[in-house]
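K.L.:
Here's the feature list from Swiss-Prot:
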- GLY84, GLN85, THR86, GLY87, SER88, GLY89, LYS90, THR91: ATP binding site (BINDING)
- 352-413: coiled coil (COILED)
- 489-557: coiled coil (COILED)
- 705-886: coiled coil (COILED)
- 916-1070: coiled coil (COILED)
- 1118-1154: coiled coil (COILED)
- 1190-1219: coiled coil (COILED)
- 1259-1280: compositional bias 'Basic and acidic residues' (COMPBIAS)
- 1281-1292: compositional bias 'Polar residues' (COMPBIAS)
- 5-341: domain 'Kinesin motor' (DOMAIN)
- SER643: phosphoserine (MOD_RES)
- SER646: phosphoserine (MOD_RES)
- SER672: phosphoserine (MOD_RES)
- SER675: phosphoserine (MOD_RES)
- SER704: phosphoserine (MOD_RES)
- SER999: phosphoserine (MOD_RES)
- SER1367: phosphoserine (MOD_RES)
- SER1389: phosphoserine (MOD_RES)
Amino acid sequence: MEEIPVKVAVRIRPLLCKEALHNHQVCVRVIPNSQQVIIGRDRVFTFDFVFGKNSTQDEVYNTCIKPLVLSLIEGYNATVFAYGQTGSGKTYTIGGGHIASVVEGQKGIIPRAIQEIFQSISEHPSIDFNVKVSYIEVYKEDLRDLLELETSMKDLHIREDEKGNTVIVGAKECHVESAGEVMSLLEMGNAARHTGTTQMNEHSSRSHAIFTISICQVHKNMEAAEDGSWYSPRHIVSKFHFVDLAGSERVTKTGNTGERFKESIQINSGLLALGNVISALGDPRRKSSHIPYRDAKITRLLKDSLGGSAKTVMITCVSPSSSNFDESLNSLKYANRARNIRNKPTVNFSPESDRIDEMEFEIKLLREALQSQQAGVSQTTQINREGSPDTNRIHSLEEQVAQLQGECLGYQCCVEEAFTFLVDLKDTVRLNEKQQHKLQEWFNMIQEVRKAVLTSFRGIGGTASLEEGPQHVTVLQLKRELKKCQCVLAADEVVFNQKELEVKELKNQVQMMVQENKGHAVSLKEAQKVNRLQNEKIIEQQLLVDQLSEELTKLNLSVTSSAKENCGDGPDARIPERRPYTVPFDTHLGHYIYIPSRQDSRKVHTSPPMYSLDRIFAGFRTRSQMLLGHIEEQDKVLHCQFSDNSDDEESEGQEKSGTRCRSRSWIQKPDSVCSLVELSDTQDETQKSDLENEDLKIDCLQESQELNLQKLKNSERILTEAKQKMRELTINIKMKEDLIKELIKTGNDAKSVSKQYSLKVTKLEHDAEQAKVELIETQKQLQELENKDLSDVAMKVKLQKEFRKKMDAAKLRVQVLQKKQQDSKKLASLSIQNEKRANELEQSVDHMKYQKIQLQRKLREENEKRKQLDAVIKRDQQKIKEIQLKTGQEEGLKPKAEDLDACNLKRRKGSFGSIDHLQKLDEQKKWLDEEVEKVLNQRQELEELEADLKKREAIVSKKEALLQEKSHLENKKLRSSQALNTDSLKISTRLNLLEQELSEKNVQLQTSTAEEKTKISEQVEVLQKEKDQLQKRRHNVDEKLKNGRVLSPEEEHVLFQLEEGIEALEAAIEYRNESIQNRQKSLRASFHNLSRGEANVLEKLACLSPVEIRTILFRYFNKVVNLREAERKQQLYNEEMKMKVLERDNMVRELESALDHLKLQCDRRLTLQQKEHEQKMQLLLHHFKEQDGEGIMETFKTYEDKIQQLEKDLYFYKKTSRDHKKKLKELVGEAIRRQLAPSEYQEAGDGVLKPEGGGMLSEELKWASRPESMKLSGREREMDSSASSLRTQPNPQKLWEDIPELPPIHSSLAPPSGHMLGNENKTETDDNQFTKSHSRLSSQIQVVGNVGRLHGVTPVKLCRKELRQISALELSLRRSSLGVGIGSMAADSIEVSRKPRDLKT
C-alpha cells in the first residue's frame, strides 16, 4: 500500500478595501516562478501549490481539485478542507456561500466539482452510478444535519464501520440525479448554516461544515462464464468531503460578546485540537505517540483524511495584512507541518461483491468436480459390468476411488461451509432481488445435486466407487494457476493504468509548456515589432528636433534684429491705431511660427485626435483663459481665438496664421516687449499642458474602464441570476402542467364516479323513502300492539322485541343511507373542486410563463449591454495603449524641451522682469502646496507610527505573558530535575550501604551455623530485592535526566506551544521594529526638511511683507493644514461608508435572491405534494370503481381501525419482547451458574468461561434477540425453511436466532386491546398451547445453558430509536397487567385472523 503525502496549497487573498484605506502593509509575498512564500523579512516556506492575490477560482480548482475528482471516479476517498483565520477567504474558496448570486468566474470549489462529477458520470455509460449527498454542521461541538433540520442532535453519532472508516449514524443522505439537485441541496444547507457578523468579517462562519458526496459504482460485467453462469457486478464506493472550517478568532479583534463569545471558544477549541493532530502526525519525532483524534468532533470526522485512507488537499488561506502577521505565521507553520502527514489511499471495493465472486468461483469448481465424479462413477459401474479379469487394474481403480472419495468429502465440506456462509450472509446483508434470485437458484441446485448423488449411490447399493481421470486434476491445477495469473494481471493492469495516467499528465504538461512557449514567442515578436517602430519614430523625431532647433536659432536672430530696429526709431515710429490681428492659441503653438518649406513638421506636433473627450478640451480652454488673464494683468495683451472645430479646420487656421505672420508685422504698445518672444513662452506652457492632458486622458480612460468592468460584472451577475430563475421557473411550470394533467384525470374519474353516484343517489333516496315508510308502519304496529290487551304476556313481549329490533334496524339503515348520500354529494363536488384548482393552476402557470418571457427579454437586454460594454472596454484599452505610446515618445523628447526652456530663460532674464515675477508667484504657490503636502504626509506617518507602536506594545505584552508562563514551566522543570538529582544521590548512597551489608552478610554466611545461615540467606534475599528495586529507580531517574523528560507530556506540549508562540511573536516584533525604524528614518528626514522649509518660509515672508502679515500667513498655513487633514479623514470615512453601503446592498441582493429561490422551492414542494395527493385520489377512485362504489367509507374505517390495531400490537410486542429478554437473561444466567463448576471459572486457556466471561455472555444474551426475524415475508420464510432442510450439520450460531423466535409464547400472549374469543374451546386450546410452549421454552433454555461454550456468537443490538423512557405510573400499570393470569388475556388480533386459516388448512 503506497503512502502519499497530504498536498498543501496556500492562497493569499488581496487586501480588503478597508485595509487598503487604512494603509495596511503587505507582509506575505509570493516568490516569483517558485512554490514559495515569504512572510516578514526572511521567513520562507515551501508548499505544493502557491496562489497569489491575483489567482482565480478556476486556477485553484484546476490545479488542486481536479485530480481529486478523477481519483473519486476511480474509487478513492477524497477530502479538501480550507484552513486559516477568520476573514481569510475560506468560504469563498470552498464555495459555501450564496451560489445563485455568484457569477460563473467566482464560483468556488464545490459547484465546479459537482459539474465535473456529473460530467464524468455522463462519460461512463457502462457504469451504474448512485450518488448521495449529505451536509453536516459542527456547531458548538454538536452535530447538526443541514438537510434535515428536524433531526435532533442526539440522534447523530460518529461511528466507525468494519473497515475503520468514520461514518455519521442518523444523518440524512439524499439521492440525486443531476447537478441541479445537488446545487439546490447545497443552497438549502448554506441557508440553514450558522453565520454571523463580527468586526473582522460581515459573513463569518460560526461552525464547521462538511459537505459529502458519496458515489456507488456498479460495473456492468457483460461477459458470461463458460457454463452460462454470470458473475456478480463489481461495486466501488467512494466519498468526497468538502470541509469549510470556521476561522480562528481573537476576541480583541472580533469584539465578540455573549453568544458570539461562546461560539468563538468552541471554534478555537476545535481548531486547537486539529492543530494538535496535525502536529502529532507531522512531527517525525512523535510518530509513535498517541494521535488525539477524540479531542474534538471535527478531528474525529477528519480522521480518514489526516493519516487515513483518503487523498487529501489542505488549502491554507492567508491574510496579507501586517495586522494579522502572527496569525498568518501560525497558519503557515501548521500548513508546513501538514506536508509531513502521509496517507495510504486505497480503492474502496465493496466486500459483499468480492465475497460473492469468490463463492461463485468456488461453486463453479465444485460443480465441475461433481460432474467429473459422476463421470468416474459411471465408468466404474461400466467396468464392473464388463467384469474385466485384470485384478491389478481393479486394485488400482479401487485406490483411485478411495482417493476420489476423500476429495469428494473435502468438496462436500467446502459446499457445506459455503452453504452456511451464504445463509448467514443472506440474513445479515441486504441483497437485491437479483442476488436473492441467484442464491435461491444455488440452493435449489445443491438440493438437486444431493438428491441425484443419493439416488445414484442408492442405485449402485452404496458400494460403487468413483473414478476420475488424471485430466481433471491437471485442469483444476491449471485453473488455480489461471486464477493466480489473473490476479497478477489485474495488479499489473493497475500499475499500467497508473503509469498511463502519469504519462498523460506529463504529455499535458509538455503541451502546456509548448503552448506557453508559442505564446511567449508571439509576444516576443510583437515586442520586437513595437520596439522597431519606436526606434524608427525616435530617429524621425530626433531629426525633426535638430531641424527645429536650427530654424529656431535663425528665427531668434531675425527677431532680435527687428526688435532693435523698432526700438531705435523713437518718435518716428508710427503706432497704428487699429487693433492687431489675433493669433490662435492652441495646444501646440510651435506650428504657428512660420517655417517656409517644412510641411513634415506636423508629424512632431499634431493636434489631439478626434476621439479625445470633450471634458479634456474644456479643461484645456479654462487653463488657457487663466493664462490669458495673468498676461492681461501684466499689460501684455495677447488676444487669442479658440477653434473648437475638427483637425481640418485647425490646420486651415494654422495656415492662415502663418500667412499673416509673413504679410503683416506685429503692432505693439511703446513700452511692450516683442510678442514673438511671448509666443515662445506660451509654446513652452502648452507643451507642458499637453503632457498633463495626456495623463488626464489616461486617468479618465482608466476610471471609465473600471466603471465599465464593474458594470460588466453586474451584468454577468444579473445574467446568472436570471438564468437560474428561468431554470427554476421551467421546472415549476413543468411540474404544474403535470399537476394540471393529474387534476384533469382526477376530475374525469370523479365525473364518471359521480355519474354512478347520481344513479345510486336516486336509488338510495328511494330506499330511504321506503325505509321511512317501513319505520312509520312498524311504529304504528307497535302502538297498536301496546294498545291491545293480549292474553299472552310472553307473546306480547316477544312481539315487542321483534318490532323494536326491526325499528332499530330501520333507523340504522336510514342513518347509513343518509351518510352515503352525504358522501355521494361530497364526491360529486370533487370534480368541481378539481376544475377550480385546475383553473387556478393554469393562471399561475400563465403568470410564470409571463415571468419567463420577461426574464428572457431581460436576458437579451443584458446580453446587448454586455456586448456594448465589451466593445467600450476594448476601445478604451486601445486608447490607453495609443496614449501611453504617445506619452512614451514625448517623454523621450523631454530633455530636448528642457534644454530649450533653459535657453529661453537665459535669453529673457535681462529684459522681461514682469514674466520672472509671474514665474516666482507660481513657484511660491507650488512651493506652499508642496510644504502643505509634506506636513500632511508627516502627520499621516506619525499616526501610522503611533499605531505600529501600539501594536508592538500589545505584542510585547503578550510575549511577556507567554515568557512568564514559559519561565514558570522552566522553573518547574529545573526544580523537578533538582529533585531527581537528590533522589538519585540518595538512591546511590542507599545502594552503597546495601552492598556493604550484603558483603558483610556473605562473610557471616561462611562462618555461621546452619540455622544462622537460613536466617542470613533470608535477610540477603530481602536486601537483594531492595537493591534491585533501588537500581530500577535509579535507572528510571537517570533515563529521565538523560532524556530531559522531567515534565508530564501535557506540560511538554504546552511548553512546545509556548516556544512556538514566543517565536511567532518575536518575528512579529522584529517585523514591527523594522517598519518602525523605517518610519522613524523617514520622519527624521521629513522633520529636517520641514524645519529647513519653515525657515525658508519665514525668510521669504519677512522679505515680502511685515511681521503681522507673516503671522497671519503662518496661521493661515496651519489652518489649511488642519482643514486638509479633516478633509482626508472625512474622505476616509466616506469611503468606509460607501464600502458598507455596497456590502449591505450585496447582502440585500443575496437575501432577495435566496428568498425567491426558497419561494420557488416551496412552490415546487407544494406542487409535488399536490401531485402525490391527486395520484392517491386516482387510486382511491379506481378502487372505488372496482368495488362499484359500495362500502368505500367502511373500507376507510376498516383501514383506519386496522392501522390503530397494528400500532397497539406493535407497542404490545415491544413491551413483551423486552420482558421476555429480561426473563430469558435471568433464566440463562441461573442455568449457567448451576451447570458450571467453580473450578471451571478459574481456567483460562481451555475455552471455558471466566467470571468476566459470564458477564460478557449475559450481555451478549441481552442483545441476542432479533425482532427483525419475526417480520420476514412469506417468501423469505419459505427460503429459510428450504435452506434449513438442506443443512446436514446443525449450526451452533443459529441457536441464538431460534431463541427469540418462540411462536407459542407470542401466540398465547395478546395485547389488552385485542379481540376476545367467543368460543371456550379456543381458550382451552390457547391454554394447551401455552403449556406446550412453556415446556418447550424451558427445554430450549436448558439448551441455552450450554451455549456459553459456543464460539462466534455475534450480538445484534437494537436501534436506540426503539427505546424510550416511561413513567413510574405506566411501569406499575404494565407490571400489574403482567401479573394477571395468562388465561384471562385476550388473543392477539393477528393470531385471531390467522387461526381460521390454520383450521382451514
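Glycine residues also receive a Cβ, built from the backbone N, Cα and C atoms like all the rest.
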K.L.:
Can you tell which of GLN85, SER88, SER704, SER999 has the most other C-beta atoms within 10 Å, given these are the recorded positions?
P.N.:
SER88
K.L.:
Look at the binding-site residues GLY84, GLY87 and tell me which residue has the greatest number of other C-beta atoms within 10 angstroms of its C-beta.
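P.N.:
Compared across GLY84, GLY87, the most Cβ atoms within 10 Å surround GLY84.
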K.L.:
How many Å lie between the Cα of GLY89 (ATP binding site) and the Cα of SER704 (phosphoserine)?
P.N.:
29
K.L.:
Suppose we draw a 10 Å sphere around the Cβ of LYS90 (ATP binding site). How many other Cβ atoms does it contain, all chains included?
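P.N.:
26, counting other Cβ atoms within 10 Å of LYS90 (ATP binding site).
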K.L.:
Averaged over the coiled coil (489-557), what pLDDT does the prediction give?
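P.N.:
Average per-residue pLDDT within the coiled coil (489-557): 76.
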K.L.:
May I ask you to report the DSSP-based helix, strand or coil state of LYS90 (ATP binding site)?
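P.N.:
Looking at the DSSP assignment, LYS90 (ATP binding site) belongs to a helix.
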K.L.:
Give the three-state DSSP assignment (helix, strand or coil) for GLY84 (ATP binding site).
P.N.:
coil
